[in-house]
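*Asks:* What TrEMBL records for this protein is below:
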type	residues	note
ACT_SITE	Ser55	active site, acyl-ester intermediate
ACT_SITE	Lys58	active site, proton acceptor
ACT_SITE	Ser115	active site
BINDING	Lys218	substrate binding site
DOMAIN	268-358	domain 'Peptidase S11 D-Ala-D-Ala carboxypeptidase A C-terminal'
SIGNAL	1-21	signal peptide
Amino acid sequence: MSKKFLALLISTFLLFNTAYADVMNLKAKSAILMEAETGEILYEKDIHKPLPPASVTKVMTLLLAIEAIDSGKIKVTDKVVTSKHAFDMGGTQIYLEVGEEMTVDDLMKAIAMNSANDASVALAEYIAGTEENFVEMMNKRAKELGAKNTTFKNATGLPEEGHLTTVYDIAMISRELVKHPSIFKYLTNKIDSLRNGKFSLINTNKLLWRYQGVDGIKTGSTSEALYCMAATAKRGDTRLIAVVFGAPDSETRFNETAKLLDYGFANFETVKVASKGEVLGKIKVLKGNKEMVEGISLKDEYVVVKKGEGKNIKKEVELKNFLTAPVSKNNPLGVLKILQEGKLIKTVDIYPATDVKKANFFENFNKVINYWIKKGS
């Protein structure tokens, strides 16, 4: 992609985005709309401004928990014993008693639905030994995900000096969270209960009732942070993530989040341009134990385009003329070019489906024999 074209593309997008920013007129201190598959930013307002996130912090708490569950480190049936530290948590809680046992599954429900601080700390301690150790994990994972302006001080989001993040960083963490299908069991649960029906849970995310396609994620509010939210919704192949910080009241938080999602679904669509393992071409291999190797995409690949323009997407495959063994499946052998109305918008590396070893003497001998047999026939 030429530098001139790239500059024009960025300028056009920023102009369009800025123009819509004026129309949106959001009251929230900061806001972002991100397409989940690509991470492309569709709307922004002060997205890198560090602010207190309140219980939206628990997006990271839930991410580390679901990663521990999905990796087998912990099980949803494991019983967690409540510590004095977890018991002492203020704010929203499920009123755990010291020594009370609760399953990981129930703690996940309490965190995702009720935003329970005591449940968050109990689960954090179970995963990492102490809340302090868990917070170290939170900050390390944040940096791994590109959340550069985030400093977590606790697992709950309760007010603490220096506990800050940005809507961009929370969007990136949310993007990772929604890659885990098992998390939606908790995020979409509207009404449930704990302790054999004795303690009711009602999900704090009102958009689950109000907005088509919403299936997460987390609300939060304190007097310092005001009203915050991270939400995600999917319609067709398009999944969006909207985050708002510092809305003046609860209804404004939900309304402005819905406004962001409306804008995204009305103006953009996600188009899959390659599937994981999809064969995009074949290349001849010289001196190898195989004569040909397939070139594949290593993962699902997507682009975001304006609504209705997906049909204008074209694909071009460019492969090397040949390869010489040995061939490593870790080295790209070509590219898939994605074009829209003749303009390059994305390139995808193409990799060998398998390694190809150098042919030994007997394999080369067989090739020669087969060549002469075919020529003679």
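Please read every residue number as a count from 1 along the shown chain.
In case you wondered, yes, glycine gets a Cβ from its N, Cα and C as well.
Could you place these features in context, so I can see how deep they sit and what lies close by?
*Replies:* Ser55 (active site, acyl-ester intermediate) falls within a helical segment according to DSSP. Under a cutoff of 8 A between CB atoms, and with a sequence separation of 6+ in the same chain, the neighbours of Ser55 (active site, acyl-ester intermediate) are Thr92, Ser115, Asn117, Thr156, Gly157, Lys218, Thr219, Gly220, Ser221, Cys228.
Annotation for Lys58 (active site, proton acceptor): spatial neighbours Ile111, Ala112, Ser115, Ser120, Ala155, Thr156, Gly157, Lys218, Gly220, criterion Cβ-Cβ under 8 Å with sequence separation of six or more.
Classification of Ser115 (active site) by DSSP places it in coil, neither helical nor stranded.
With a 10 A radius on its CB, Lys218 (substrate binding site) counts 30 other CB atoms from all the protein chains. Under the DSSP three-state reduction, Lys218 (substrate binding site) is assigned to strand.
Residue counts of the domain 'Peptidase S11 D-Ala-D-Ala carboxypeptidase A C-terminal' (268-358) by helix, strand and coil are 3 helix, 57 strand, 31 coil (DSSP-based).
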*Asks:* The domain 'Peptidase S11 D-Ala-D-Ala carboxypeptidase A C-terminal' (268-358): mean pLDDT?
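*Replies:* Mean per-residue confidence for the domain 'Peptidase S11 D-Ala-D-Ala carboxypeptidase A C-terminal' (268-358): 95 out of 100.
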*Asks:* I'd like the Cβ neighbour count for Ser115 (active site), meaning other Cβ atoms within 10 Å of its Cβ, all protein chains included.
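*Replies:* Result for Ser115 (active site): 27 other Cβ atoms within 10 Å.
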